[in-house]
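Enquirer: I grabbed these lines from TrEMBL:
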- 104-113: compositional bias 'Basic and acidic residues' (COMPBIAS)
- 117-128: compositional bias 'Polar residues' (COMPBIAS)
- 13-94: domain 'ORC6 first cyclin-like' (DOMAIN)
- 99-132: region 'Disordered' (REGION)
Amino acid sequence: MSKSIQTALHQNIPRLSGALPPELIELASSLLAQSHSKCSNLKAEEEVARTYVCANIACERLKTTLDLPQIEPRPPIAPKLYKKLYTYFDKTLLPGISRKRRRQNDDLEDRRPLPQRQLQTKGQTLDFRTNRTPRKGLKYGRIDEKLPKWVGPAIRQICKETETPNAVQHVIVGVESVWFQPCPNTERRDVVEKGHLAALVATIWSLVVSRLAEIDAGAITVKWVKQVLKLLNALKENDEVVKRIGLTDETWEGYETTSQKEHQAWLVEVNENWKEMEWWNNINEGSGLRQESQNDLNHSDSRIANDPGLGRMVDQRFEITEAKTAAYNKWKEAMLIKIQELVAQEPVEEMDVT
């Protein structure tokens, strides 16, 4: 199995627990092979999404048959360009399974029992249940539905303020995993004393961002964590959040203001005991904190100067700007002068050490 196919499939269905279904891998690989002959004339900016779009189409075509979790596409190119590419591939590429396999799948669908309609009696409500097999781990549907209602908006607001939009879903799943699931460290015997939920949000955000940006967690400076903690502590005064969820006790269940000390305690705890889980393994290391259109990239320098979010700060390290070029030329000129001065000096006689 191609590593790139595996990665692309996991990116499309990050909430899948366990191994990838063989049928899904087979279809994605078949679509990718077809695409090289049927969709060969791609532009350079489209080529980077070839594997991803084949995986996306495979997930869409088999989501019902394989009972896949929610497909959450995050394409590596601008959304408008990706939509056109997806439509082109979807219309061009044939299903990557044999006619015999398709007939077997159709027969299987025909033999599945239809859901029975329940008659409603007085005092009862209809109980509609899906035929999904319960899986160990997180719930289906909205990925933050188990958490208190303030947590999802808080995470989205943090990622908006720090310009790290690709971190949103990973942070939500990470917080939910640590807060609700048993500790994966089987050698640990003590009961985990779970501290402030707000501090856990800040901690998971910093870890996810460090992995997406492929930088050491220490590079997420105290300044940025302080900004996140400040935002969390002022959450009830945030108009955007309050407008969405209100100020009822149910909405703000488990909310407490927090501190740097609480964050540090969670940081040690999660690093030592909570990374052997799907939420961490599904983060594609180095995949980036944000996705920009070409128009964004053309104007990124001025926006970085005026509004330096963390996502742009990390991206900025790899950009060759006029300011960096000027600074380098100034340093180079100074070094050449210093070298000339050293060369002009009389040579120092070598010391005889024999």
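Every residue gets a Cβ built from N, Cα and C, even glycine.
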Enquirer: Within the domain 'ORC6 first cyclin-like' (13-94), count helix residues (DSSP H, G, I), strand residues (E, B) and coil residues, in that order.
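Expert: DSSP classes over the domain 'ORC6 first cyclin-like' (13-94) add up to 48 helix, 0 strand, 34 coil.
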Enquirer: Average the per-residue pLDDT over the domain 'ORC6 first cyclin-like' (13-94) and send me the rounded value.
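Expert: For the domain 'ORC6 first cyclin-like' (13-94), the model's average pLDDT rounds to 89.
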